[in-house]
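These come from TrEMBL:
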type: DOMAIN; residues: 1-82; note: domain 'Thioredoxin'
type: DOMAIN; residues: 281-423; note: domain 'Thioredoxin'
type: DISULFID; residues: Cys345-Cys348; note: disulfide bond
type: DOMAIN; residues: 622-763; note: domain 'Thioredoxin'
type: DISULFID; residues: Cys686-Cys689; note: disulfide bond
Amino acid sequence: APWCGHCKALAPEYAKAAQALEEKKSTIKLGKVDATEEQELAEKHGIRGYPTLKFFRSGTPIEYTGGREKDTIISWLEKKTGPAAKELETVEAAEEFLKENKVVVVGFFKDRESAEAKAFLSAANAVDEYPFAITASDDVYAKYEAKCGSVVLFKHFDDGKAVFEGEVSEDALKKFVAAQALPLIVEFSHETAQKIFGGEIKNHLLFFISKEAGHSEKYIDPAREVAKKFREKILFVTIDADQEDHQRILEFFGMKKDEVPSMRIIHLEEDMAKFKPETNDLSADKIEAFVSNFLEGKLKQHLLSQELPEDWDKHPVKTLVSTKFDEVALDASKDVLVEFYAPWCGHCKALAPEYAKAAQALEEKKSTIKLGKVDATEEQELAEKHGIRGYPTLKFFRSGTPIEYTGGREKDTIISWLEKKTGPAAKELETVEAAEEFLKENKVVVVGFFKDRESAEAKAFLSAANAVDEYPFAITASDDVYAKYEAKCGSVVLFKHFDDGKAVFEGEVSEDALKKFVAAQALPLIVEFSHETAQKIFGGEIKNHLLFFISKEAGHSEKYIDPAREVAKKFREKILFVTIDADQEDHQRILEFFGMKKDEVPSMRIIHLEEDMAKFKPETNDLSADKIEAFVSNFLEGKLKQHLLSQELPEDWDKHPVKTLVSTKFDEVALDASKDVLVEFYAPWCGHCKQLVPIYDKLGEHYADSETIVIAKMDATANELEHTKINSFPTIYLYRKGDNQKVEFRGERTLEGFIAFLDGKDVVEDSEVKEDVEEDAPTKDEL
């Protein structure tokens, strides 16, 4: 994209790589596409961010996973199109190889069949960023004073070369290259960022300096000896605070420009942590002491905190920061609901007015419950400490103890949930005035009319009141209240500010029956889908939903939805009627989920949301009342067949090592009893799927000539199967030959891991596998 900073940073290196390949008379060509102009082309190839690089090898696209400097780009491309290690037969060839690359790895092996030579070639095949070469030439050995069986990394910086020591194995060589291929002290830039953060070393010492002020010569050069001592344990990195692009990094560490020069340590494993020295003294001994104390576990994490606003507690929603958080939220004498939010988050913005109304209402009631908020983008350590993984996340600190907030996102449901957690399940209504106030201040309330609190029915009502957090319950024995609302003793009535105004429970009173009654009656007869209603719709008792896709702007509500109300009444507790306004940008993902385009609106679908989720499509787009009723009736009677999405089958679906499947072709290929078929179910936007592409392509090449093993993939966002439901990406199943038994691959996503699985059928038991928290799993809120 022309405006993309990372694209601009890549441009000169990309041009240099293209130029160098032309000078080599390479057959590899480099191209570029302005994805903001060629939007359809970008969409076709699943482009979700900039820059995205794809390598079209003999016409087949694979994800580019290499570096962003000239040498690493060329190395990656040449490895994809040629041998993993170049043969160096003469000194001249070796000199040219070392001259044209900043970093190279050379193996000195006479016997290519030795275990060490094979390990070297395996490492060469696995490491795409740097070019490898191998030689058996005595002249080359003599030129570089190398012993047979040695591995040497040559580089245009530091000491010029590093000799591998230890037992030669693929893993050991990969770690050696990762540690030695970077300079002793790395200068942070767009080009080096990927090497720094994507490398094997996860502990980094960061020097924040000003080049203009001469800090490199004054502080960094003397630090080189210290860096040598900790070479494979911690990576030394300099960040030039004069560069505009680096201001975000200073902000991330809570630093201001006037604190430079300074240093920090960051630990980049899953439990990310930052560490700050006691002083800004950057003398060699202070640097060494700081690193040693970190490696010995003697340092305490440095947690950022915003400045506490002067008026932090002057508004109904209190503004919390790290320095004040424990005093407020963890106080055993307080009950505090805290929202962890991000300023840019759409769901947070939608929640904000309702959250503020709830806080205001609680203050007016003189409630002891307080509501607070934390900007989790500023208070990152605090958010990390409390396990915040998405926005908004709400936690209720009841007497200082945190519990997950599971209530709704409207004023009334927030208040109801909080009051139930801190008070009685059902409020006592002793007078008509109390009842009127209760009904007035809540959109939905449930009232039990019981004289005898010890009766089985009253106990069942109170159990339901305790179980349902979203709506406030009350109980009364007052004859005046009975008369006011024309209620009988033993009855349960749900009062609401919409539809018919109230609903009277019918049937035998039990906790389950009351919960189902409330779930069905508390929502409008036809619910409008929105951020606020999503949780009630998908989290409710009714799992069958009739969805109307309409355009409010085109007047579809009046034309189609109002006449459907009588039909909705007939199926009230069996199916939930929901409208989705296709004009709203936020709802386009829902249309995509159903394989619909905007020009198909108005239309309707049914979705069944139990574990075996299924979608159903009517024969026509006629939304007349009789057609709606017939569609729903046929669904409830089991007469409808699932509607499964499927793409068109590409003409070249079986022309590549990895076969491309679609729903309509799936069973024919995957359930072929004469073959073992491994299928990756992926999503075009999934980062983990993109990372898997080069490995999976290699797997396809490995089995390209096999008569009994097929490697395949399918876009699970655009293709659905009745017998296989996909809930996270990537999901990989083996369909075994003979019985077509489906076995999930749960091993390491490496070429070796896949081969071991397929050749040995090494099925990992579920109990042996840790949960992969990084998988891209769709959430309920996304339908």
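Yeah, the Cβs are placed from backbone N, Cα and C, and that goes for glycine too.
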### Query
In DSSP terms, helix, strand or coil for Cys348 (disulfide bond)?
helix
### Query
According to DSSP, does Cys686 (disulfide bond) fall in a helix, a strand, or coil?
coil
#### Entry: Position of peak Cβ density within 10 Å, selected from the disulfide-bonded residues Cys345, Cys348, Cys686, Cys689
Cys689
### Summary
Model confidence for the domain 'Thioredoxin' (1-82), as mean pLDDT, reads 89
### Query
If one measures from the C-alpha of Cys348 (disulfide bond) to the C-alpha of Cys686 (disulfide bond), what distance in angstrom results, rounded to a whole number?
24
### Query
What's the CA to CA span in angstrom from Cys345 (disulfide bond) over to Cys686 (disulfide bond)?
20
#### Entry: Summary of DSSP states over the domain 'Thioredoxin' (1-82), given as helix, strand and coil counts
37 helix, 8 strand, 37 coil
